[in-house]
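Here's what Swiss-Prot has on this protein:
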TRANSMEM  25-45  transmembrane segment
TRANSMEM  61-81  transmembrane segment
TRANSMEM  91-110  transmembrane segment
TRANSMEM  114-133  transmembrane segment
TRANSMEM  149-169  transmembrane segment
TRANSMEM  189-209  transmembrane segment
TRANSMEM  223-243  transmembrane segment
TRANSMEM  264-284  transmembrane segment
TRANSMEM  292-312  transmembrane segment
TRANSMEM  317-337  transmembrane segment
TRANSMEM  395-415  transmembrane segment
TRANSMEM  434-454  transmembrane segment
Amino acid sequence: MNTLIAITGLGIFCLLFEILNFRKGIVPFTILGLLGVLALNFYEFGTTASYYNNMITVSKFSTAFSSLFIILTIFLVALSHNFYENHQTKISDFIAIKVFLLAGAVAMVSFGNLAMFFLGIEILSIALYVLAASDRLNIKSNEAGMKYFLMGSFASGIILFGICLIYGAMGTFDIAEIHESSLSAELPIWFPIGMILMTIGMFFKIAAVPFHFWAPDVYEGSPALTTALMSTLAKVVAIATLFKLVSGLNLIPSLENQDLSNTFTNVILTISIASMTVGNIMALRQVNVKRMLAFSGISHAGFMLMTFLTIATSAGVLLYYTAAYALAGIAAFSVILYVCKNQDNEDITNFHGLGKTNPLLAAILTGSLLSMGGIPIFSGFFAKLFLFNQALHAGYVAIVIAAVINSIISVGYYFKLILAMYSKEPNEERTGKPFLIYAVAIISIGLNIALGLFPSLVLDLLN
């Protein structure tokens, strides 16, 4: 709760910086403020409490994921300094939106009431709609903002309809009361229907197949920094929230009918395999790097959904996987922001010869792509290893085989970009070494490797 209040206060201070004309100091001030919020969040780790009639609940799950969200936001704010250098008059607005977006993200994993859950989703979503369309003179950005707004509105409507059905079945929005009522023998049919509608709405948010069709166009059309935010922070928030929703509302045990329970498991299996396969196959044919990473994100959503098959014991694995994926994504987009800063697009041709003109950033991008592909020593490899091991122990052999095949396929399009950096001649000489871009890229890939070398640091937090 203190974390949420501190984040909201920091967002208000960011808006005041615009009024007081302190724009030059807003990025370092916000980073220092977020580091203070992170320390406060660490201090609360291990405590369990509820606030405002259980509207907000603090637990290890919420604190651990909130820490990850804060770290990712620090990186994104740091990247804003160079990205918005030509829009200095608006930089405080963009920074404040990111901080308020973080408040929505923390609320989404700290909810104890469905009203707070929906409020968190809307805070996050509205901030993303604005950021997607923030390049107002770019028609692709306008199109991305409109598409994202329409699809997000439909998803929010479906979620709200599900919440209404759950309220009709249980007579309360409180998660603890719903959980307790779901253990009873007599359970209204509206409850599983409402839960299924909420799950479908969240599948839109994480861009899982077949609810993924908005992602490639929105990722490609949005400003590169917004795409980085969507593919890392927003996706991780949505999958963590869905995990808490399904486990907190006791959906799977509440399906007393064995056929219903098996149906839910089969749906998760189908969507997981479909997301992995469609995402990887479509990524193979992409020449735009942002669009390629959009399909890669769809594929990773399929991998993350595998944790729902063993939901009682997989919170630690989900935290580890999301951390590994998000850190690799931040490192990759740091390099993309540097390479494509003055370009009209983010095509692979822009990366030709990067290994010769800037070996350090080429190595960082290579490392982040190898992590996403599941190559050791990066944490992406161990994330998939722990995920597959858990699924095998639960008896889900078929999905593990499909996941391994898809991991092999993904290496194909990652190496397409890697080969372009090292085997092609550079198109142009790039000058300048922006400190914050280099710092974010080095620290994020360093943290990714550290998680691979010491996985227990994250895995044991929620086990």
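One-based numbering along the chain as shown.
Here the Cβ of each residue, glycine as well, is placed from N, Cα and C on the backbone.
Listed by sequence, the residues of this chain that lie at least six past the ends of the transmembrane segment (395-415) yet keep a Cβ under 8 A from its Cβ atoms are 269, 272-273, 276-277, 280-281, 283-284, 286, 292, 296, 299, 302-303, 306, 309, 369-370, 372-375, 384, 387-388.
For the transmembrane segment (223-243), the neighbouring stretch richest in Cβ pairs under 8 Å, chosen from 61-81, 114-133, 264-284, is 61-81. When Cβ-Cβ distances below 8 Å are used as the criterion, the transmembrane segment (114-133) is approached by residues 55-56, 94, 97-98, 100-101, 103-108, 141-142, 144-146, 148-149, 152, 156, 159-160, 163, 166-167, 173, 175, 178, 205, 218, 221-223, 226, 229-230, 234, 237, 241, 245 of the same chain, each at least six residues removed from its ends. When Cβ-Cβ distances below 8 Å are used as the criterion, the transmembrane segment (264-284) is approached by residues 203, 208-210, 212, 216, 251-252, 255, 292, 295-303, 305-306, 308-309, 396, 398-399, 402-403, 406, 409-410, 412-413 of the same chain, each at least six residues removed from its ends. Residues of the same chain lying 6 or more positions beyond the ends of the transmembrane segment (61-81) and with a Cβ under 8 Å from any Cβ of it are 3, 7, 27, 30-31, 34-35, 37-38, 41-42, 44-47, 91, 94-95, 98-99, 101-102, 105-106, 109-110, 225, 228-229, 232-233, 236-237, 240, 244, 315, 319, 322-323, 326, 330, 333-334, 337, 436-437, 439-440, 443-444, 461-462.
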